[in-house]
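Listed in TrEMBL:
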{"type": "COMPBIAS", "residues": "1-13", "note": "compositional bias 'Pro residues'"}
{"type": "REGION", "residues": "1-104", "note": "region 'Disordered'"}
{"type": "COMPBIAS", "residues": "19-28", "note": "compositional bias 'Basic and acidic residues'"}
{"type": "COMPBIAS", "residues": "74-94", "note": "compositional bias 'Low complexity'"}
{"type": "DOMAIN", "residues": "160-307", "note": "domain 'HhH-GPD'"}
{"type": "BINDING", "residues": "309, 316, 319, 325", "note": "[4Fe-4S] cluster binding site"}
Ligand code: SF4
């Protein structure tokens with residue numbers, strides 16, 4: 001069959017004079033794969049803005065800006081909280097989860113409390129009375145948690161409690177006090193046997209040495225009795241200011257305030273009696289706490305620090321004095 005003659009093609013439209021018409025794929029061919037790093041602005045010659053862009057640069061720049069805008073959109077949507085109901089439903093933002101306060105070990109927590117204590121405003125007299133009235137109403141007769149039967153066994157237990165928990169000390173003293181519960185019996189038991197009974201505690205060899213020696217000195221200087229005197233107590237091996245305060249308070253009812261790791265943290269975190277050292281905190285507490293609360297203040301604060309205002313994660317939601325406390329990282 002004879003072929004049907006084709007209609008002549010219309011001539012191509014000429015480009016308007018003065019305008020560049022680029023081949024469609026020049027850009028991608030010239031710049032290679034459109035990876036963002038190809039267009040790293042840091043890598044671009046700073047003079048590039050001052051000269052004419054090379055052929056293909058327009059497409060490349062367009063591609064770059066598309067990539068940038070896509071990445072920005074992606075990043076933005078990733079940063080936003082998820083929306084319930086998708087794109088069709090009524091978009092309701094889901095509230096972001098609360099950021100938990102930092103968890104710190106005891107030493108770091110106490111150091112942070114001390115730093116805070118340098119800037120915090122100390123409690124007013126009214127706030128102090130309010131706080132201790134609440135402690136008293138909740139627990140009128142607070143007790144220590146070290147097992148003992150008399151001033152001597154209390155003294156030994158407190159000496160053993162350095163860098164140990166009360167629970168750990170009670171486990172160790174159960175056997176020790178069954179074997180020796182008086183200074184004379186402890187000296188007779190001897191350092192090696194004492195060490196054996198308390199071997200689960202840190203520094204047990206040194207503690208055993210101190211317990212036997214303080215027992216010997218009690219016999220030699222105080223007729224086997226625990227003295228009701230700070231200076232005499234602090235002259236015994238292993239007995240420092242804190243131990244003397246605990247013994248004077250619990251065994252003899254002296255209204256002393258022994259500042260241990262818990263009291264130090266609580267006093268600084270709350271603003272009750274900020275201080276850079278345990279002695280500074282003790283002096284602040286002695287000066288500020290009214291006499292009627294002083295006998296039990298040590299126990300209320302130690303129990304508060306041990307069970308509520310804990311080093312790593314204070315339980316501010318259960319705290320009696322949360323409204324008075326000045327700690328900025330409350331954990332509700
Ligand atoms: S509110 Fe929190 S940080 Fe303050 S005393 Fe109570 S438990 Fe401690």
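Every residue, even glycine, has its Cβ placed from backbone N, Cα and C.
TrEMBL: automatically predicted annotations, no manual curation.
Shown on the structure are the features that TrEMBL records.
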{"residue": "309", "record": "[4Fe-4S] cluster binding site", "Cβ neighbours (10 Å)": "26"}
{"residue": "316", "record": "[4Fe-4S] cluster binding site", "Cβ neighbours (10 Å)": "17"}
{"residue": "319", "record": "[4Fe-4S] cluster binding site", "Cβ neighbours (10 Å)": "19"}
{"residue": "325", "record": "[4Fe-4S] cluster binding site", "Cβ neighbours (10 Å)": "22"}
Quiz item: Other residues with Cβ within 8 Å of the Cβ centroid of 309, 316, 319, 325 at the [4Fe-4S] cluster site?
Solution: 269, 270, 308, 314, 315, 321, 322, 327, 330, 331
Quiz item: If you average pLDDT over the domain 'HhH-GPD' (160-307), what do you get?
Solution: 96
Quiz prompt | the domain 'HhH-GPD' (160-307): DSSP-derived helix, strand, coil residue counts | solution = 104 helix, 0 strand, 44 coil
Quiz item: Using DSSP and three states only, what is residue 316 ([4Fe-4S] cluster binding site)?
Solution: helix
